[in-house]
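Structure, as structure tokens:
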Amino acid sequence: MAPSARRLGLWGPPTSTLDWCEENYEVTVYVAEFWNTVSNLIMILPPLFGALQTFRNGLEFRYICSFLGLAAVGVGSWCFHMTLLYEMQLLDELPMIYSTCVFVYCLYECFKQEKTVGLIPITLLFVFSMSVSLVYLQWKEPVFHQVMYGVLVACLVMRSIFIVTWVYPWLRPLCYASLAIFMLGFLLWNIDNIFCEQLRRVLPPGLGVLTQFHAWWHIFTGLGSYLHILLRYCCFLCGVWPTLHIEPQRTS
């Protein structure tokens, strides 16, 4: 996974438990993994715009939290890849759990009336996220974090497929587009993770982000997550304000 040649830059030797395939400090001494860093802009700028628009329109606070949660993941990932420090790694990985818990809550509560609060799901998700945090702080095993994150994503996928299959079939294009984009990013993440050394020998150098599959993971998962927030809000609007079916008047 880690690059074969390590360069020292502004932030010193990496202290994180992960060091991705991109060469360290290859572009600038101020950023450890340049392309893995700047690719997080797609997880920062569009969600901030979405949160601002949601606030301006006076919409539900939970959806503002969804956008801000995605932006927080982008900021944390930016700091992690810029420094490769363990503290910044936690700033990346733990918000992934917290924000996805918000996503799960919004999707599983999307049929509730406006401004209602589900105390039971909030409690369960809070206990889950805090338990994962405490275990991960003691057991610094990235696979544990990845599995816990995968459990939350699986909950989102199952709920989404149920909704677009049985409740709102007209939302299928948006749902399947968000899932397909996210899964494409996940595929590239695995290719970068497993075949790093082979890729470094085969792909031509100097092409920047084009050959950095982890950076594309940021781009595709950021876009897929953004679309999924829109899906959750569409489900909420349909649940609160269902379509009115007006029967045509019959003439005698």
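Cβ atoms here come from the backbone N, Cα and C positions, even for glycine.
Per TrEMBL, the feature Ca(2+) binding site maps to D19, W20, E22, N24, E33. Its Cβ taken as reference, N24 (Ca(2+) binding site) is surrounded by 21 other Cβ atoms within 10 Å in the chains shown.
Sequence-distant neighbours of the transmembrane segment (64-86) (same chain, 6+ residues past either end, Cβ-Cβ under 8 Å): 11, 14-17, 19-20, 24, 30-33, 36-37, 40-44, 47-48, 50-51, 54-55, 92-96, 98-100, 102-103, 106, 218, 222, 225-226, 229, 232. The transmembrane segment annotation in TrEMBL covers 64-86 (among others).
The Cβ of H214 (Zn(2+) binding site) lies under 8 Å from the Cβ of W20, C21, E22, E33, N36, L188, W189, D192, N193, each on the same chain and at least six residues away in sequence. Summarising the annotation, TrEMBL assigns Zn(2+) binding site to H81, H214, H218.
Here TrEMBL flags 117-137 (among others) as transmembrane segment.
Listed by sequence, the residues of this chain that lie at least six past the ends of the transmembrane segment (149-168) yet keep a Cβ under 8 A from its Cβ atoms are 96-97, 100-101, 103-104, 107-108, 110, 175-176, 178-179, 182, 228, 231, 234-235, 238. The transmembrane segment feature in TrEMBL is assigned to 149-168 (among others).
The transmembrane segment annotation in TrEMBL covers 174-191 (among others). Cβ atoms under 8 Å from those of the transmembrane segment (174-191) belong to residues 153, 157, 160-161, 163-164, 199, 213-214, 216-221, 223-225, 227-228, 230-231, 234 of the same chain, restricted to positions at least 6 beyond its ends.
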| note | So H218 (Zn(2+) binding site), by the Cβ count within 10 Å over all chains shown, scores 28
| field | Cα separation, D19 (Ca(2+) binding site) to H218 (Zn(2+) binding site) (Å, whole number) | value | 15
| Whose Cβ lies within 8 Å of the mean position of the Cβ atoms of H81, H214, H218, the Zn(2+) site, other than those residues? | W20, E22, E33, W35, N36, T37, S39, N40, S77, Q212, A215, W217
